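Features of the protein shown, as given by Swiss-Prot:
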| type | residues | note |
| --- | --- | --- |
| BINDING | LEU8, SER9, GLY10, GLY11, LEU12, ASP13, SER14, THR15, THR16, CYS17, LEU18 | ATP binding site |
| BINDING | CYS186, CYS194, CYS197, CYS200 | Zn(2+) binding site |
Amino acid sequence: MRRAVVLLSGGLDSTTCLSVALAEGYEVYPLSFDYGQRNRKELESAKQVVKYFKLKEHKIVKIGNVGGSALTDMNIDVPDYKGLPTIPVTYVPARNIIFLSYAVGYAEVVDAEAIFIGVNAVDYSGYPDCRPEFIEAFQKAINLGTKSGVNGKPVKIITPLINLSKAEIIKLACENNAPLHLTTTCYRGGEKACGVCDSCVLRLKGFKEAGIVDTIEYMERT
C-alpha cells in the first residue's frame, strides 16, 4: 500500500486533507507539531481526529515556541477579521517551511511517497507559505536535497485543497465523512470559538455558502 505523511493541525483544512489521503487509498502517517500555539485545543482535536479514523500512528513533534506571532505570543492580540491584503500578525515565521522540512525527513524514514498538506490560496489569511509558488519551490528543494529525490523518486507534496473555496473544502470533507465537529479553528483558543477572528469568519462563511450547519460552539456567529 502507498504511504503518505499527512500534516494534521486539528483544524478543518488539515482534517479534510487527511480524509482525502485516506479516500485515495494511502496508508497515512499523521504528523502534528507543538510549536507553542495559543490554541492548545488544536493538538487535542488532532488526537481525536486520529482516533475517529482509527489510525495507529500519530507523531507529535514538540519544537518549542516559535514566537513572533499572535498565534504563539500571548502579548500580541489576535485581531478581528478585516480582510486586508496584507500578511497578518497571525503569520507564524516560516511555519510551513519548518513543518514540511520535518515531514520530508519523516517520509523518507517511513518510506512514504507523498506528503499531504492542507494549504489553501483562495479563502485564506494571506500567508506567503500557503501559495502555490511556495509549494513548487519546496518541491524543487526536495528533488535536489534528498536521497529519494536524487534517486529519481522524490517525495511528492500533494495539496488537494489549494484551489478550493472554503465551501468546497467543507463539502469535500462531508463527502469523505470527515469529523468536522471535532476540529478546532479559532485563533484565540478559548473554550468556545470566538467567531470573529480570520479563521472563524472564513469557516462560518464556508459553512453558510455550503449550506451545511457548523455544529461547533461559537461565542458569536457573524
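The backbone N, Cα and C atoms fix where each Cβ goes, and this holds for glycine too.
Taking the features listed in Swiss-Prot, we show where each one sits on the structure.
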{"residue": "LEU8", "record": "ATP binding site", "Cβ contacts under 8 Å, 6 or more apart": "SER14, THR15, CYS17, LEU18, PRO30, LEU31, SER32, ALA46, VAL49, VAL50, HIS58"}
{"residue": "GLY10", "record": "ATP binding site", "Cβ contacts under 8 Å, 6 or more apart": "SER32, LYS41, GLU42, LEU43, GLU44, SER45, ALA46, LYS47, GLN48, VAL49, THR183, THR184"}
{"residue": "LEU12", "record": "ATP binding site", "Cβ contacts under 8 Å, 6 or more apart": "ILE169, ILE170, ALA173, LEU180, THR183, THR185, ARG203"}
{"residue": "THR16", "record": "ATP binding site", "Cβ contacts under 8 Å, 6 or more apart": "GLY118, LEU161, ILE169, ILE170, LEU172, ALA173, ASN176, ALA178, LEU180"}
{"residue": "CYS186", "record": "Zn(2+) binding site", "Cβ contacts under 8 Å, 6 or more apart": "ASN39, ALA193, CYS194, GLY195, CYS197, SER199, CYS200"}
For this session: Report the residues of the chain - excluding LEU8, SER9, GLY10, GLY11, LEU12, ASP13, SER14, THR15, THR16, CYS17, LEU18 - with C-beta within 8 Å of the mean position of the site's C-beta atoms, for the recorded ATP site, in sequence order.
Result: ALA46, VAL49, GLY118, THR183
Exercise. If you draw a 10 Å sphere around the Cβ of LEU18 (ATP binding site), how many other Cβ atoms fall inside it, taking every protein chain shown into account?
Worked result: 29
Seminar exercise, completed: CB neighbours within 10 A of CYS200 (Zn(2+) binding site), counting all protein chains shown, number 25
Exercise. Per DSSP, to which secondary structure element type does CYS186 (Zn(2+) binding site) belong, with helix, strand and coil as the options?
Worked result: coil
